[in-house]
Amino acid sequence: MALQFQLNQTTPQTVTTDCVIVGIYADKTLSPTAKTLDAASGGRITALTARGDLTGKSGTSALLHDLNGVTAPRVLVVGLGEADKFGAGQYIKAVGNAVRALKDAPVTHALLTLSELPVKDRNAAWNIHQAVIAADHAAYRYTATLGTSRKKAEESGLITLAIHGQETSGLTLGQAIAEGVEYARALGNLPPNICTPAYLAETTAHFAATHPGATCEILDESNMEALGMGALLAVARGSANRPRLIVLKWNGGGDARPYVLVGKGITFDTGGVNLKTQGGIEEMKYDMCGGAAVIGTFVAAVKVRLPLNLIVIVPAVENAIDGNAYRPSDVITSMSGKTIEVGNTDAEGRLILCDALTYAERFKPEALIDVATLTGACMIALGRAATGLMTHHDDLANELLTAGEHVHDRAWRLPLWDEYQGLLDSTFADVYNIGGRWGGAITAGCFLSRFTEGQRWAHLDIAGSASNEGKRGMATGRPVGLLTQWLVDRC
C-alpha cells in the first residue's frame, strides 16, 4: 500500500471520499468531526458507543458503513485512549492504527481528520507533518526481494490521504521526512548480498545525480590508502566486497560552514575473527543503518531544499573473514596518525568511523554528528525506544534532544566523563579499541571522542532504535526525523 498526501478543508459529512477517519477517547468523548458525523447520522455513532461497539481504547478501530446523512460510504472510528494522556506518542499511534486498518479495505481515497485533535505542546503544523510521517511509516511494505505474485499483492493499492487542515508547511516538511525515512528503511532492509558497499555507493550516487544541487563523490580503496585510512581498510581486508567512502554534498547555504553527518555503513558484520554466533549475526545486515539514516536525512534535506550546507559521509565496509582478515592484537594506524590496538574485531564500527571523522575535519564543520549501530551495550541500557546521545557540548546535546522530542524520535544523553577514558589505555598503541565489560556504549563514545578533538561533535548510538527485533523486524529509519528536524531548526 502506497500513500500520496494532500490537504482538505471540505465539510466532512458531505466530502466525496471513500472513508472519513475520526476518533473516540476512552471516556466515549468523540472527536470534533466524529461529533459532526454523529449529528448528521442522527446519533448513530453515539448509539454504537452506548452498546459497546466503540470503546475508544487505544489500538482499536471500527469501520462503519453507510451512515445516514454522511456522503462517504465508510467512517473509520479510531480509539484514542485516555484523553488526559493523549500526547505526541498517542497521536502518532492513532494515525498509524488508522492507516493499518485501511490496508484490506477497498479504499483509494480517505480523509484523515485526526489532525484536528489537540496534542499537548504541539501546533497545527506539527499535527499535519507528524500525521504524514506516521501514516507513511504504517503504510510501508518491504517488496524488494519478494516473488512476483506476492510483490504485486503487497504493492497494490494507492491511497490518497487527505489531511484535514491548511498548514502547507507542515505537509511539505512531513513529506520530506517521510521520504527520507522510507529511503533509509529501504536500504536497511535489503539483504547483504544485494546491499554491498558498491551497491550503497551506486544508489546514493544515482540519487545525487538526479537531484539538482546535490553531488556525490565516491572514494575507492586506492583513494583511502592514499589518505592513510588504515583503520577503515583493516576492517575491510577480510571481505571480497571492497570498501567505499561515500561523500554527499548539498550546497544550500552559500559560503556558510557545513553541517556534517557521518554514518556507519557496515553492510554486514560477521564479527571478523571474533565471529558472532546465531542469535545476533542474522540481524547484522542492519549494521549499516547509521549510514542509511544519514543518507535518508540527506534525501529529506534535498527534498525540502534546506537553506544550509550539508555533507554526509558514509564509510561503507563489510566486516568479513578470510586469511587476510585483521586480528585481535593487531596494531593499526588511523588516518589521524593515532595507533590502535585491536582488542576485538567485532568492535569494528568505531574503526571505520574514526577515519571517517578525521576525514570530515577537512570540511571545517559547523557541527559534526556521527550515527551508528555501535554497541549492544546501548541497547541493553536504553532498549529500543531511545537513541543514545553522547557529546561534550551541552548546547549541541540540548539541540538534538529538543529536535528529537519535537518529532517523537527521541534520544537520551549518556556521559562522556574522563573517568571512562582510562579503560581504553593500551600498552602497545595510543588507544585500545574496546573498554572492557562495563559501560560499553560510553567507552565506544569515548573512543570516537579521541578523533574529534576541536570539533563540535556528538555521537548517536542507534543500536536499539535502528531496527525492530526478531524474524519480522525491519529497519525503522531512525533517527532521520531527529536529524532532519535538527537541521530545520538551524535554518
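Note: Cβ is positioned from N, Cα and C throughout, glycine not excepted.
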Of the candidates ASP255, ASP287, ASP330, the one that Swiss-Prot places in the Mn(2+) 2 site of LYS264, ASP269, GLU348: ASP287
CB-centroid shell, 8 A cutoff, Mn(2+) 1 site ASP269, ASP346, GLU348, site residues removed: VAL235, ILE266, THR270, GLY271, GLY272, ASN274, LYS276, MET284, ASP287, ASN319, THR345, ALA347, GLY349
For ASP269 (Mn(2+) 2 binding site): DSSP state (helix, strand, coil): strand
Binding-site residues: ASP269, ASP287, ASP346, GLU348 - member with fewest neighbouring CB atoms within 10 Å: ASP346
Candidates LYS264, LYS276, ARG350: member of the recorded positions with the richest Cβ shell (10 Å): LYS264
Alpha-carbon spacing, LYS264 (Mn(2+) 2 binding site) to LYS276 (active site), which is rounded to whole Å: 18
Local backbone state of ARG350 (active site), from DSSP in three classes: helix
Coarse DSSP state, helix versus strand versus coil, of ASP287 (Mn(2+) 2 binding site): helix
8 Å Cβ shell about LYS264, ASP269, ASP287, GLU348 centroid, Mn(2+) 2 site members excluded: ILE266, MET284, MET288, VAL317, ASN319, GLY349, ILE352, ALA372, THR373
